[in-house]
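What follows is a set of notes on a single structure, which appears directly below.
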Amino acid sequence: MDSPSKTSTSLFEVYLRLRPSVSSVADRFLDVEAEEDFPRHITIKPPLTDHRKRAVERFAFTRVFEEDAAQLDLFEGVGALPLIQGVVGADGREGRDGLLATLGVTGSGKSHTILGSKSQRGLTQMMLDVLFQSIADNIVSYSSAAFAYDSLARSDVSEAHMLPASTFLDQLYGDSHSMRGSCSRAQTPMPETSFMSVATSKQKIPRPSCLPQAPDMTGFEVPIDSRSEYAVVISMYEVYNDRIYDLLAGTTPSMKHNAQRRRPLLFKSTELSPDRKVVAGLKKIVCFSLEEAVMVLETGLTERRVAGTGSNAVSSRSHGFFCLEIKKRDRVTKDSWKSGALTVVDLAGSERARQAKTAGATLAEAGKINESLMYLGQCMQMQSDNQDSNKSNIVPFRQCKLTELLFSNSYPSSSAASFNHHHAHRQPQKAIMIVTADPLGDFNATSQILRYSALAREVTVPRIPSTTSTILAGPTSTRVEYPDLTGSANAAELEAAQREIQRLTEEVDVLTLMLAEEKTRREEVEDSWRASEERLVSMEQDIRDECFEEMDARLEAERRRWKSAWDEEADKNDERMDRKLEILAKGIRIYEDPDPGLEGRVCELESENEALRRKIDMLEREAQLKSPSKKQRILKAKKWEAEAGLKSP
Ligand SMILES: Nc1ncnc2c1ncn2[C@@H]1O[C@H](COP(=O)(O)OP(=O)(O)OP(=O)(O)O)[C@@H](O)[C@H]1O
């Protein structure tokens, strides 16, 4: 069995946390092996009531935390500080993405570990506290927030809708009629007089002071780059029925009652992130203090409960993602923002899937949780197999949204050819999985999770001392020396036969166990197959309804457009016709009833014309008389005329 210390090659470091059990009647089926520094191995034995499986399974983890481990022990033991440090990044360098996820049977303590309870903070709040403490002197100040905020929004590669926490929280909880409206507070926010002090009855405000303050994280800090200024951007989403939904987008009161209207988001490559898939179109909140960050977290968690479970406010039927982006840039040169992201994942309880069927949830929902966890199991098992055999089989993480989101950043980015220099040569993420288990809980469900999450596994069958050896050992522990009897040959043969029987029984036990595992796996696959079929049918119906509605809306719009065009054309025609009629009527009026003034004017012009013509004739004659040759000719002509007149009778 491989030692879990060889985890450097694995995609995930896997820790096991045992929760203090509430059941006092159940048998404990899990034992932790004592080791030098801290435990790494556990064994599980089927409960005595289970007669079929007698094999003992031994699992290896990066580290095992027993029931008495406190939240702070987990924080230190799983390496939360180095994780944050990696995300913050070395001086002037891009941070290394981190992932922290919890996996376990329902009620085993996943949410308690990662998100805390009423009295204890979870790892998420503790990490936020440490982060804000560390960057306190270098965080973008409120006074320069507006400039920084613009460049932050521009540098985002995921088509996000970014807004400052004060605006976001005011939109949700603020009093819109207050003098301290969202705009004024967004521009000149004052943390000590923020919206927390102007509670309205509209919505329940997650007051940070009411949230648990323990464990105290004073003194925990990570080194930061003193020449950089920092900004913290938070987004939250959930994977429900293999679709991604924004947990910070739909929290307006009107949307809360209509959670099913939420639009799923895509996990895709964008124009600014061609080599790396991102959840596109999320709402991202820029937080300037721990209080703001915690309130945004609480808002998202409330949305997850409201949208995901309706009336049942305690179960986690979706996989919740809390994403913390730490941005930094040089304080003086204000060059481009460098970014590292820490994603915290609270996975849905595996057992919830089975219970959900009887809890009124749809089969599709239950099937989807099972299916995604089954794919996650396959990926984790492949990781463990790769480690066992030093092979590098490809982990099949593209089978569902959950595994894609969890694993796609676990490989070096292919950004060498990328034009986006910000993300060139990005290191694979550092991923930590905390598996939670109740040692007195449901054996079948827990053992199944342990089987696929453990870094290594070994199946053995407890040695039942053979009859012969018992006889040979004698009634007491003192060994008796027998003389070489003639029956010793028979005894040896019997012993060999017993050993063979023992070996075969062990083999049968292991095979029985494997068969049982296969059977469970088959049942799960069948369940998820049925759920998929049902989901397909309901999806088809949804799509039909959607298409019908869209078609109807389009037809109506087209009809309205056509009607308005028709009305417009008719109006134009009417107008044109009116004008023609007007002209015609005018013409008819002129013909039938000529204007007397016009007639007088015509006569006047005609007589004027006549007078002018006479004047021209006269002038012409005068001109001819003035020319001497013409004068001569005229005189001659007159003379001839006179003579001709005398000659004629
Ligand atoms: N280590 C622990 N110490 C004390 N209480 C715990 C511990 N782990 C879990 N609990 C308590 O057990 C209850 C169930 O735990 P939790 O809600 O974290 O389970 P879960 O695995 O997240 O369940 P689900 O899958 O339904 O979300 C909670 O009341 C929680 O406070």
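Residue numbers in this text run from 1 along the chain shown.
Yeah, the Cβs are placed from backbone N, Cα and C, and that goes for glycine too.
Curation plays no part in TrEMBL annotations; they are all automatic predictions.
Of the given residue ranges 67-101, 417-451, 487-521, TrEMBL assigns the label coiled coil to 487-521. Mean model confidence for the domain 'Kinesin motor' (11-459) is a pLDDT of 78.
Secondary structure from DSSP puts Thr106 (ATP binding site) in coil. For ligand 1, the binding-site residues lying close by, meaning a CB under 6 A from one of its atoms, are Gly109, Lys110; the full candidate list was Val105, Gly109, Lys110. Under 8 Å, Cβ to Cβ, and six or more positions away along its own chain, Gly109 (ATP binding site) finds Arg17, Arg19, Thr436, Asp438.
Those residues of the chain, other than Gly104, Val105, Thr106, Gly107, Ser108, Gly109, Lys110, Ser111, with a C-beta within 8 angstroms of the mean position of the ATP site C-beta atoms are Arg19, Thr102, His112, Gly349, Thr436, Asp438. All protein chains included, Ser111 (ATP binding site) registers 21 other Cβ atoms within 10 Å of its own Cβ.
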